[in-house]
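Data first, discussion second: the structure below is written as structure tokens.
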Amino acid sequence: NIDQSFPGFHGSEMWNPNTDLSEDCLYLNVWIPAPKPKNATVLIWIYGGGFQTGTSSLHVYDGKFLARVERVIVVSMNYRVGALGFLALPGNPEAPGNMGLFDQQLALQWVQKNIAAFGGNPKSVTLFGESAGAASVSLHL
């Protein structure tokens, strides 16, 4: 395991290739301001990476500050990327393509069904992202 980060160079650690990743990746992160809100706006973050790389667990994507300062609930999701998420083999039901987008859709459905238990308003949800995450937002509209 080679450490390819550059300590002291701002922003370099966020792309550290030594971040633990797994095919078992369908997880959500939920940040709630204290005290627990009632009917709060929900912001859902989708990370970028060209649909090839990325994870919501990078420190730069920590939603606790946004949740605390703006009194909103912040949710981020992981989804399959690369061949596991976007390989399409026409005629092969085991690789229909765009599985990463279906992972995102599943996360969005989960938020709609469960966010009220966290103090969120399922009718006040905003999607946002960068790069492939922003493209994903447009694909879900």
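Keep in mind that glycine also has a Cβ here, set from the backbone N, Cα and C atoms.
According to Swiss-Prot, the protein carries these features:
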ACT_SITE  Ser131  active site, acyl-ester intermediate
BINDING   Gly49, Gly50  substrate binding site
CARBOHYD  Asn39  N-linked glycosylation site
MOD_RES   Ser131  phosphoserine
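Ranking the binding-site residues Gly49, Gly50 by C-beta neighbours within 10 Å puts Gly49 at the top. Of the listed recorded positions, namely Asn39, Ser131, the sparsest CB environment within 10 A is found at Asn39.
Within 10 Å of the Cα of the residue listed as 'active site, acyl-ester intermediate', the following recorded positions from the list Asn39, Gly49, Gly50 place their own Cα: Gly49, Gly50.
Gly49 (substrate binding site) sits 32 Å from the residue listed as 'N-linked glycosylation site', taking the CA atoms of both as reference points. Taking only the Cα positions, the spacing between Gly50 (substrate binding site) and Asn39 (N-linked glycosylation site) is 34 angstrom.
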